[in-house]
Amino acid sequence: SKREIKMRKLDSTKVRPLKTEQLLHIEEHDFALRPGFGGSPIPVGIDVQVESIDSISEVDMDFTMTLYLRHYWKDERLSFRSNKNKSMTFDGRLIKKIWVPDVFFVHSKRSFIHDTTVENIMLRVYPDGNVLFSLRITVSAMCFMDFSRFPLDTQNCSLELESYAYNEDDLMLYWKHGNKSLSTDEHISLSQFFIEEFSASSGLAFYSSTGWYNRLFINFALRRHIFFFVLQSYFPAMLMVMLSWVSFWIDRRAVPARVSLGITTVLTMSTIMTGVSASMPQVSYIKAVDVYLWISFLFVFLSVIEYAAVNYLTTIEERKQLKKRGKASGMYSMDAVQAMAFDGCYHDADEDVDLSPFPEPCEENETRASQTNISNADTPRLKRKRSLKGNVGRIILQNNHVIDTYSRIIFPSVYIVFNFFYWGLYI
């Protein structure tokens, strides 16, 4: 009866609670269209809080960043009555039923919204229709890096935000709080970089088919830690160059010692250069580390060439002196010549040839003979002591070539000057 229906309406326990869609009038509007369709562009404010920079890859030329992205706009279609003027907060289930800005990341390779334990999405609606839409996103985006100063470089990267469908006639993106719209976690740190600067900027992007779009930029500057590369590349290269200089102090007649030392340092430098280039992108220009390693390799290579010149000039000098002494006849066999090349002394099976013009090569043999005569009177320790003091230094100095003498001064001096200009130019 009519009386029972009226009593049922007055009974509050029998009234069903209103749905969210009914409270926000979602069913009464077409949310496929933007707010204020046909009028002025809708302003959408953005602010970002950077949680972390997860990785930076030189090989792929990209970076990965986790951030909180927040949107602010006003949609009067979502306004509702509230006696206490309090907002309503929803999760991601309501997003598919209302209009939200279609902001995307320009030059992004991959991105995702975190979904543990549920999608990290928050929607807050105020009674006057103002909306706050927040996401927690991890995005990997391109960073166009310049390695001409690597590893003494500073890289400038940016994450760019833009509306995909709405140009500047429909949607206006802007930083909600100006330069303060971008905030970062105080504990952000990277293994290979110092984070020097975070800044926000804005601009316009033009597409020939769709027009002009508002674009927002998250800019940050990264300065590379150099200490790792000093230990892994620069310091070993310095040691190899200095090790190659040891050859200048070895007797010029010690062919196996000087040749093996030169070849070893050359191969080691090649290994260092290969290791550095393997961890870097294959760029078409020269990097700062390439300049240093190639110059160091050149110094090591020239030390090998220096001994080749010393050995060649020594052989020519000996032949000229033999001709002057009348010793360049056919009495020398091939075996004798080879023996002289190895130990610096002339050997003849028939007679003992006087090599007075060459006291340097054979002086050691004469010294040994004199020491043999007095070996009965001296102890082995005294004999070694006299041999070291009296012969080693004198033999090295007498068997020294003029090129070796100059090389001991020129090579270190030029290398020091090179290091001075290199570090002054790139630091």
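These residue numbers are counts, starting from 1, taken along the chain as shown.
Backbone N, Cα and C atoms are what each Cβ position is placed from, and that goes for glycine too.
Automatic, uncurated: that is what TrEMBL annotation is.
According to TrEMBL:
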- 26-225: domain 'Neurotransmitter-gated ion-channel ligand-binding' (DOMAIN)
- 226-247: transmembrane segment (TRANSMEM)
- 234-327: domain 'Neurotransmitter-gated ion-channel transmembrane' (DOMAIN)
- 259-279: transmembrane segment (TRANSMEM)
- 291-310: transmembrane segment (TRANSMEM)
- 359-383: region 'Disordered' (REGION)
- 368-378: compositional bias 'Polar residues' (COMPBIAS)
- 409-426: transmembrane segment (TRANSMEM)
Number of helical, extended and coil residues in the domain 'Neurotransmitter-gated ion-channel transmembrane' (234-327), per DSSP: 77 helix, 0 strand, 17 coil
Long-range environment of the transmembrane segment (291-310) - Cβ separation under 8 angstroms, sequence gap at least 6: 233-234, 237-238, 240-241, 244-245, 247-248, 252, 258-259, 262-263, 265-266, 269-270, 272-273, 276, 401, 403-404, 407, 411, 414-415, 418, 422
Arithmetic mean of per-residue pLDDT over the domain 'Neurotransmitter-gated ion-channel ligand-binding' (26-225): 91
